[in-house]
Structure formats: structure tokens, C-alpha cells
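According to TrEMBL:
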type	residues	note
DOMAIN	30-429	domain 'Amino acid transporter transmembrane'
REGION	1-20	region 'Disordered'
TRANSMEM	29-49	transmembrane segment
TRANSMEM	61-85	transmembrane segment
TRANSMEM	105-130	transmembrane segment
TRANSMEM	151-170	transmembrane segment
TRANSMEM	176-202	transmembrane segment
TRANSMEM	222-241	transmembrane segment
TRANSMEM	261-282	transmembrane segment
TRANSMEM	312-331	transmembrane segment
TRANSMEM	351-376	transmembrane segment
TRANSMEM	382-398	transmembrane segment
TRANSMEM	410-432	transmembrane segment
């Protein structure tokens with residue numbers, strides 16, 4: 001599936017106007033891409049993975065994480081091969097080459113839904129960390145008590161204005177590689193702390209044995225399995241950033257390598273936090289595991305200082321992930337609304353307007369929506385399923401450049417069917433669950 005094995009030369013640059021990196025810098029450029037790809041993938045996905053283990057059981061969840069990672073690698077290679085063989089430089093442009101304006105519009109809508117949804121989730125989680133949710137106090141409330149100035153809407157507003165805004169003002173995705181590296185380090189620190197805490201709890205006999213397989217004692221519990229699948233799909237989605245990140249590399253083989261390394265890193269991080277988070281909190285695990293660290297009660301005794309370190313480290317991680325997804329969201333909206341205008345990075349007025357409007361919209365919706373689980377399920381069942389599986393599979397089947405083998409087309413058909421069926425069942429299960437809860 002490697003692009004370099006196709007009829008397309010491995011030396012063809014992603015963008016013809018970009019200079020290929022020198023041989024001495026190539027390895028370093030790959031690692032910079034690994035930082036950006038891994039940061040885009042991890043995002044807030046790590047927060048909901050433990051909850052999927054509660055629904056699926058440990059063994060099926062592990063198998064699903066591995067399977068989704070493999071399928072994502074295949075779909076990215078479908079995209080890269082078609083990109084190198086054609087003239088497109090964006091995901092929307094790639095779909096336009098294959099399916100015309102309708103395909104381009106479909107991708108742009110899905111990218112906007114996915115990236116905006118993720119940005120909203122990031123702010124929701126940051127609000128959970130600093131100001132709590134429901135009966136669970138946030139860090140600021142634990143330290144200083146409950147006051148108007150550490151309310152949820154003000155803590156998120158402060159984060160948006162003084163941390164996120166300076167980062168989203170960068171006009172090139174390559175400029176974010178250092179913040180991405182720091183974000184990955186913080187995620188690894190978060191996983192490391194959870195791992196140590198889990199081993200300590202095991203030694204003290206404070207944990208309950210996790211379920212290896214799901215409980216299927218009713219029709220509802222069976223259909224609930226399908227609500228967890230979109231969460232893992234969303235956690236691996238980064239297809240909207242394949243083209244922006246690939247620009248800095250110049251060689252298809254380098255981008256393929258970066259993607260493979262990133263998927264291995266992220267799959268290891270996901271399963272580690274999933275199993276150790278589930279061991280720590282058992283069936284009391286929340287859709288956002290950070291909420292569990294803010295709980296004062298539970299079977300596992302956790303140091304308040306360690307609680308704060310864990311929550312702060314991941315809140316900072318999300319602040320550093322934010323600009324990467326904002327970059328794709330802003331670029332897609334600009335491409336949709338101003339297709340004939342000069343590049344966004346060269347138009348300061350348009351750049352600032354779009355940046356500020358998107359930040360304001362993300363903030364307002366984050367204040368209005370309390371839970372990330374429903375956003376994750378919705379995105380995983382709709383836009384992310386399209387971006388990660390259905391659209392790349394359709395590109396491989398359309399095969400306007402004659403690159404797909406019979407095996408590729410069979411895989412593409414299977415992926416499209418599985419994604420469509422799973423999404424329909426998940427959406428139906430969510431609607432049933434919402435109706436049941438409201439009644």
C-alpha cells in the first residue's frame with residue numbers, strides 16, 4: 001500500500017512549488033510531521049477511550065483500536081497515492097478531481113463539522129478541568145473556592161483569549177511542530193502517571209477486575225456496542241490534516257513513514273490509557289476521564305496534588321492541539337467561501353476575521369453543551385466516518401488515475417459498507433437512548 005510501490009514516483013513532491021528537503025534534514029522533517037500527525041490524532045480522543053473499554057470490554061476494545069489504526073493507514077495511503085498522481089493539494093481538491101464539485105463540497109462540510117466539533121470538545125474539557133461539571137469541582141474551585149471569576153464561562157474565555165488566540169494566529173502549520181511536540185510529551189506524561197497510579201492501586205488491592213468481554217444481557221446493551229465504535233473512529237481521525245502536514249515533507253515515502261509511526265504511537269497511548277484508566281475507575285468511569293480525577297470519592301485513593309497534575313497536563317495538551325485543527329477548519333471555510341481569493345495567509349484582514357469568528361463560535365457552543373460523549377458519537381457516526389473511510393474508499397473505487405488493484409477495491413468496498421452500517425446502527429441507538437432518557 002506504500003505509494004512508492006505504485007507507478008507514481010516516490011520523488012514527486014506533494015506541492016510542486018515546495019522545495020524538497022535535503023537528505024540531511026529529511027529525517028528531522030519526518031519527526032516534525034510525526035509530532036503534528038500524532039497531536040492531531042490524539043487530541044481529546046484519549047479522554048473517552050477508557051469509557052469505550054467499559055462498553056466493549058478490554059479484548060474487543062484492543063482489537064478495535066488495532067483494526068481502526070490499520071484501516072486508517074490504508075485509507076491515508078489511498079489518499080496519498082491519488083494526490084501524488086494528480087494535481088490536487090487539498091482533501092477537497094482531491095475529491096473534486098474524482099467526483100467534481102459535489103465531492104469537494106461534501107468533504108468541506110465534513111471537515112468543518114469534524115474540526116469545529118473537536119474544537120468545541122477541547123473547550124468543554126478545559127472548562128471541566130478548571131471549573132468542574134455538576135457536583136464535581138474544578139481545579140480553580142478546589143484551590144480558591146467557588147467564585148464568579150472562576151466560573152466555567154470565564155475560565156474558558158480566559159483560555160481562549162490568552163492561550164489559544166496567540167497560537168491560532170500562526171499562518172503556517174509547519175510553525176506548530178514545537179507546540180505539537182510538547183503536546184505529545186504532555187499526553188505521554190498523562191498516560192505515565194495513570195499507569196503508575198494503576199499499578200499502585202493493584203498492589204493495594206483497590207481495583208475491581210475489569211470486564212474482558214462486553215455484557216450482552218439485553219437488546220439495549222448490544223446496540224450500545226455500536227455507540228462506542230464511533231468514539232474510537234473519531235479518536236483516530238486526522239485525514240483533514242494529511243495535506244497541510246504533508247506540504248513540509250515533499251516526498252510521499254516520508255509522509256507514509258510519518259503516518260505509520262504516528263499510528264503506532266497513538267494506538268499504544270490509547271490502549272495504555274484505556275486499560276489503566278479503566279483499572280483505576282472501573283464502571284464509574286466517565287465519558288471524560290478527567291472528571292474522574294476531580295471526584296473526591298471512589299474506590300481508588302488518589303493524591304490531590306497528583307489529581308491536579310494530571311488534569312492540568314492534559315488541559316495544556318488540548319490548548320496546544322487546538323491550533324492544528326483550527327488551521328484545517330479555517331482553511332476549509334476560506335476555500336468554500338472564497339475559492340477565487342488569494343491564499344488566506346496573505347490576506348491579513350480575511351485571516352483575522354475568520355480566526356476571531358471561529359474562536360467566538362467555538363466558545364459559545366462549548367458553554368451551551370455540557371458533555372463530550374454525544375459530540376463524539378455524532379461525529380464518529382457521520383462526518384468522521386465519511387472522512388476516514390467512506391471518501392477514501394470511494395476515491396480508490398473511482399480510481400481516475402488507474403492506481404488501485406483488485407485487492408484495494410475489495411478493501412474499499414468492505415470499508416465503505418462497514419462504515420455505513422455501523423454509523424446507521426450507532427445513530428439509531430443514540431436516538432433510541434435519547435428518547436428513552438427524555439421519557
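Note: Cβ is positioned from N, Cα and C throughout, glycine not excepted.
Nobody curates TrEMBL annotations by hand; they come from automatic prediction.
Predicted, not measured: the structure shown is a model, and the values here were computed from it.
Long-range contacts of the transmembrane segment (176-202) within its own chain (CB-CB distance under 8 A, at least 6 residues past either end) are made by residues 32-33, 35-36, 38-39, 42, 46, 167, 170, 265, 269, 272-273, 275-277, 279-280, 300, 302, 306, 309-310, 313-314, 316-317, 320-321, 323-324, 327. Ranked by Cβ pairs under 8 Å to the transmembrane segment (382-398), the stretches 29-49, 105-130, 151-170, 312-331, 410-432 are led by 410-432. Nonlocal intrachain contacts for the transmembrane segment (105-130), taken as residues 6+ away from its ends with a CB within less than 8 angstroms of a stretch CB, comprise 43-44, 47, 91-92, 94-95, 99, 136, 138-140, 150, 152-153, 155-156, 159-160, 234, 237, 240, 288, 290-291, 294, 311-312, 314-315, 318-319, 321-322, 325-326, 328-329, 332-333, 335-336, 358, 361-363, 365-367, 369-372, 375-376, 378-379, 382-384, 386-387, 391. A Cβ distance under 8 Å defines the sequence-distant neighbours of the transmembrane segment (29-49), meaning residues of its chain 6+ beyond its ends; these are 21, 61, 65, 118, 121-122, 125, 173-174, 176-177, 180-181, 183-184, 187, 190-191, 231-232, 234-238, 241, 245-246, 248-250, 254-255, 257-259, 261-263, 265-266, 269-271, 273-274, 277, 287-290, 314, 317-318, 320-321, 324-325, 372-373, 376. Under the criterion of 3 or more C-beta pairs below 8 Å, with sequence separation of 6 or more, the transmembrane segment (312-331) and the transmembrane segment (61-85) do not qualify as touching, having fewer than 3 such pairs.
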